[in-house]
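For reference, TrEMBL has these:
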DOMAIN    1-271  domain 'UvrD-like helicase ATP-binding'
BINDING   Ala2, Gly3, Ala4, Gly5, Ser6, Gly7, Lys8, Thr9  ATP binding site
DOMAIN    272-570  domain 'UvrD-like helicase C-terminal'
REGION    657-695  region 'Disordered'
COMPBIAS  663-683  compositional bias 'Gly residues'
Amino acid sequence: MAGAGSGKTRVLTHRIAHLMAERGVRPGEILAITFTNKAAAEMKERIQALLGARAANTMWTMTFHAACVRILRREGHRLGYPSSFTIYDSADSQRLMQLVCKELDLDPKRYPPRSFSAQVSNLKNELIDYDTFAGQAQNDQEKKLAEAYRLYQTRLHQAGAADFDDLIMVTVNLLQMFPDVAEYYRRRFRHVLVDEYQDTNHAQYTLVRELVGTTEDPDSSTVTPSELCVVGDADQSIYAFRGATIRNILEFERDFPSARTILLEQNYRSTQTILSAANSVIERNEGRTPKNLWSQQGEGTPLVGYVADNEHEEAAYVAGEIDRLTDEGVVTPSQVAIFYRTNAQSRVFEDVFIRTGLPYKIVGGVRFYERKEIRDVLAYLRVLANPEDTVSLRRILNVPKRGIGARAEEAVELFAARERTTFAQALRRVDEAPGIAKRSANAVRDFVALLDELAAIVPDSTPAEVVEAVLHRTGYLSELTGSKDIQDETRVENLEEFVDVAREFENTFAALVEEEPPEDDGEETVTDPGEPTLVDFLERIALVADTDQIPEEDDEGGVVTLMTLHAAKGLEFPVVFLTGLEDGVFPHNRTLGDKQQLEEERRLAYVGLTRAQRLLYVSRAAVRSAWGTPSYNPASRFIDEIPSQYVEWKREGAALAPPPSRGIGGGFGSSGFGGGPRGGGRSRGSASPAPSLSVGDLVNHDSFGMGRVELVEGGGDKTKARIDFGADIGEKDLMVKYAPIQKL
């Protein structure tokens, strides 16, 4: 049980070194599982520094999904999966579910495909297959979901594909259905280590148990269970929305009665004041394993507290403090992070940073491999690697436009269903399909010929050469380069970068293969990696997603990092601004009436507080715009839970007082009591009269910020005002009765 900043990765890597140096364990007998590619790379790097490259490259150090892919490539044929099966990411899965719902003629408003896709993902994370779910379905919604789940899996299997949730679920099924496979891996991996165990869901938990084996049924296996070592922190379990269950770590000793628990309470990151504040918050959660973080980094300075009039003034204060700290040489921009509960809160910070010229980056924007043009080219590559990949095939059927419309696509789909064949095979029999116009049929034949032409060059071409052939022979690149849209210029640059990605993969392929652990424990075997194939490239792209990458710094001083609290986990910064600390914002409004969800929000606060190394700011807004109207929220209960001696308030009250109907003012008492949502807000024109404005008055607008009244016309409910919000926003003509403005 390792507290924040206590050196979890160091513990794992040094245990591995101990196993090899003191107990004679071979590297091929070790499986170390992490949650992100970044964490896996960091662990492998540390192992290499301790034990050398040979040991680091022989053992399996990888994510849950990467380990499952390796097992399924070797053994998936037992369940009907080809060794070159395609991996569908979340976008591919959603597209397939859309096609399935359309095939079942489900009303998208009543049965949203996106919702069905999420529910199927949740079912798989609970290891519930479609037959089991169909047997449990009670109402119409669940029965329709069961139908969609069944057809979704059928279409996946026909396409020779597995989605990300399948990777773990199918591997668990494989290990449970074929004892010889389970025994092979239990003999192979005598030591299994798992990082961030508090984030495991039911499927991952079961996978670990199957790989390790248990002593519950000694007759079920001839192999004694492997040694299992897990590292985690129940106080940082913040992914319940992804299916993670905190019970996996809280009840570890019940699941494994012979387990030994070791507490790691020394923090090597933060000052004692920051840790004391974090301890005071998290200790209010019930049922946790008691631990108290301590540090030898010194007491440090108190937290800095600030209450702003509104979210714009909060953002302005944060920007001003960052400007001051960087001017004084206390920090560089790259050493500063701003955390918020939801992505929507970033906008006001971006506005202020743009106006003031502060460099910044948003972690969690549209990532490279999620951009449309990249996904289009990847779809072409997937079809070339696996011609039966229906989702990818239908994505590119009319991209770029070639005269194959929705009606022609539907006709091919109906023909495939009637003939009980795949969509890919139906395209090749387009002349037999009824209801297709001659022009569309010709376009389909040309498309099939294009795919055959591209497929012919794949065996003798490198991945980069295939990418370039796709871009040129399909007309995709020429369509973009012929466009005058500036967005298309950016898309061309992205495609150029993608070709570079393929080239970099080719140049590093030998090293990548060398780093891959062998399938068997033959440490002395040296094999020629051969030439990189298209399948190799696609597998690398699928597994090395950049969801766990922080963008590169643009210059020597770097940039300020803005991110949600969920994205901040595992990171650290010398200076942290924890913003939006209002009940209804953080903790989130939907969690206030649910004890378990509120405890998860408190763990999220603990994560945010413990990211700071030297300076920690906590701030809130007295008034925050919600759906265009001002909302008055009390201070977050998490602020109230921090003892006053740990916080130095630069500003404790707002100039704009909340309405008298608020009752208790600053927040919740130390008991943390509070039921439902707080602060419903006021509607301009009903509960609050329009402000009386004169030329020269200063006002604050929830979206545009501070401005000066330049002109007032009309009267009563029809009063109009022209307000100058500065060079970036300009002048706006507003109906005073309905505008979300406050007179200053």
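All residue numbers here begin at 1 and follow the chain in the order shown.
For all residues, glycine too, the Cβ spot is worked out from N, Cα and C.
Structural mapping of features recorded in TrEMBL.
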residue: Ala2; record: ATP binding site; contacts (Cβ under 8 Å, 6+ apart): Lys8, Val11, Val231, Gly232, Asp233, Leu264
residue: Gly3; record: ATP binding site; contacts (Cβ under 8 Å, 6+ apart): Asp233, Asp235, Leu263, Leu264, Glu265, Asn267, Lys291, Leu293
residue: Ala4; record: ATP binding site; contacts (Cβ under 8 Å, 6+ apart): Asp233, Asp235, Gln236, Asn267, Arg269, Ser270, Ala278, Leu293, Tyr606, Val607, Thr610
residue: Gly5; record: ATP binding site; contacts (Cβ under 8 Å, 6+ apart): Asn267, Tyr268, Arg269, Ser270, Leu293, Glu572, Thr610
residue: Ser6; record: ATP binding site; contacts (Cβ under 8 Å, 6+ apart): Leu264, Glu265, Gln266, Asn267, Tyr268, Leu293
residue: Gly7; record: ATP binding site; contacts (Cβ under 8 Å, 6+ apart): Leu264, Tyr268
residue: Thr9; record: ATP binding site; contacts (Cβ under 8 Å, 6+ apart): Ala39, Glu42, Met43, Arg46, Asp195
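Restricting the average to the domain 'UvrD-like helicase ATP-binding' (1-271) gives a pLDDT of 90. All protein chains included, Lys8 (ATP binding site) registers 21 other Cβ atoms within 10 Å of its own Cβ. Surrounding the centroid of the Cβ atoms of Ala2, Gly3, Ala4, Gly5, Ser6, Gly7, Lys8, Thr9, where the record places ATP, the chain contributes additional residues within 8 Å, namely Val11, Asp233, Leu264, Asn267, Tyr268. In the three-state DSSP scheme, Lys8 (ATP binding site) is classed as helix.
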